[in-house]
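In TrEMBL this protein carries:
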- 228: active site, charge relay system (ACT_SITE)
- 262: active site, charge relay system (ACT_SITE)
- 441: active site, charge relay system (ACT_SITE)
- 222-489: domain 'Peptidase S8/S53' (DOMAIN)
- 666-752: domain 'Secretion system C-terminal sorting' (DOMAIN)
């Protein structure tokens, strides 16, 4: 038994080491390589249902969870304290790590590959290609789902199938977390949130709302004043409409008076409840709506100023949303402008309330009854966020007022925006929703909703902070930078939310250990992870974690904290911080060796024990940071490792071929599509009177392309011919490679660059 256990342990160690933890892991999708990061905290293991392996694993103490993901495979999550693999090694050797995608979402392999053979290619052809390494699980519509025998070979087998050219596609059958699409019945029609081409629009001309919700749905309560013709409660506002203010009616409290439905429509865009199987989706669906009715009748400018002042003061509104204006090109009331100024400076306990206005629907030629040039008042007041409207194809709406006061634009229509309506007869129609809202009135509450979401995720933002974020993250629609038509561009909720997040507090660098904290609300939980996973280990819990450098890792690391409450629609956020682990060294060297193959190299920020490598092979160990290496004429990757004040670090530099000693020339280089191989005219006499002489006229030639890690990417054989050899590299990823040319009395390596 001891001999058997020792063998299994050795085999498991070999297997773990053979898994590609630090190398490039990828699969193919849409004809592009999609890279993955190894998750060393999760492993998949081949184990049939109720097998001896499954029973044995269930008795181990150092595993966090064991979850069956199909009839052949278990997903094992390792505890942070997991140190030894002996328990696993005595049980099984057929396993693979799990992965993360470049956004940090888990990508879990299942042990299966999906592919579709091209016309005329049989399953037997593909199985023969990979040496019979899979078993068929399912076939339908000409596509196959197969189970691979050795899990560690999952990516390599899948990629080999794709790269053979025998299939339409081939990639592993992964499990990823699904982000729920909204189950609100009218959400698919809300093109301003997620434009998929509905109503004849151009896909992507939207505010990226679903992408923003994937980053965070809120953490802290935010109050939005809808200054309009009143708002009342609604099934899709879920009791979140509070008592408001009507300046002309002491007992009005912001409720609508007939006919009044405009404010109700704006409130739905801002804050309708998401994922409640009801109606539409609001941008920040946990907003407290503070209704303010300025359309009771005969409101003076004083009434309007009172309404604005009440909103930020007694109403404690964080955001003031205003889809209204005065229909004149020249009107300007200082008292209203002053009230706006007070909201922006005194609101939110001095952080400033955010004031948003529609630009107006008055542009000449836009088809509206009243037309004039310029932005309406109070939209033109300095400091407000002025919002215009664009079509669902990305052009400015003809009616949208414009001018130098513009800030942003958002998608709207002439009457096809879906949102909430006053319930029953008082609204636009007899139901609870309207399909006919539009104008800049529908664009303004989109910005108000995004502003509310940003403040819910980070209440420390000042009014100016938030405005700057909206400006810098907007998608430019006109000329580069600001213009009078589109302002700073189209509202981008995803980028705005990403830039507004609460910080993870802690140092920007880690030498050995570092402690990081987040200010999460009471009643929420925090989970942590790092990318890459092999850079840092961590301990501790809750809002604080201590991270420790692993194996002298040096480089940039992302620390993520995911905050969750009881309601994911209102309490969810993913915070991130990029830190430098270890001390980065700087390697200085020429781009190529000198004529004799020598290379002068100097290193900064090191403290000793310098080792100099060429393509992974050690050239020199030295105590000096400045050396002259016998590099040679070929190109390659120069790597230097050394001691620093934070342990061991490494730096790299690309060195290109030189010395002029090649018989062959490769051109064009760089290239985006094809390479040609000819004789180097400076080293070979032209015996044919100027005709390009094929390098294969005298015999065959073999070519091999390698990446920087020494992996063979492509090989091609050229038989004896008078044609100039050409290599198609259009499918290669943009990077630097090495081309080896092998023939009679020829063996050269050339540096090539794929553009």
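Yeah, the Cβs are placed from backbone N, Cα and C, and that goes for glycine too.
Caution: TrEMBL annotation is automatic and unverified by curators.
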| field | Chain-internal residues, separated by at least six, CB under 8 A from residue 262 (active site, charge relay system) | value | 228, 229, 295, 323, 441
| remark: Reduced to three DSSP states, the domain 'Secretion system C-terminal sorting' (666-752) has 0 helix, 41 strand, 46 coil
| message | Using DSSP and collapsing to three states, where does residue 228 (active site, charge relay system) fall: helix, strand or coil? | response | strand
| message | Let me check the 10 A CB neighbour count of residue 441 (active site, charge relay system). How many other CB atoms are there? | response | 25
| How many other Cβ atoms are found within 10 Å of the Cβ atom of residue 228 (active site, charge relay system), counting all protein chains shown? | 27
| Which whole number is the mean pLDDT over the domain 'Secretion system C-terminal sorting' (666-752)? | 79
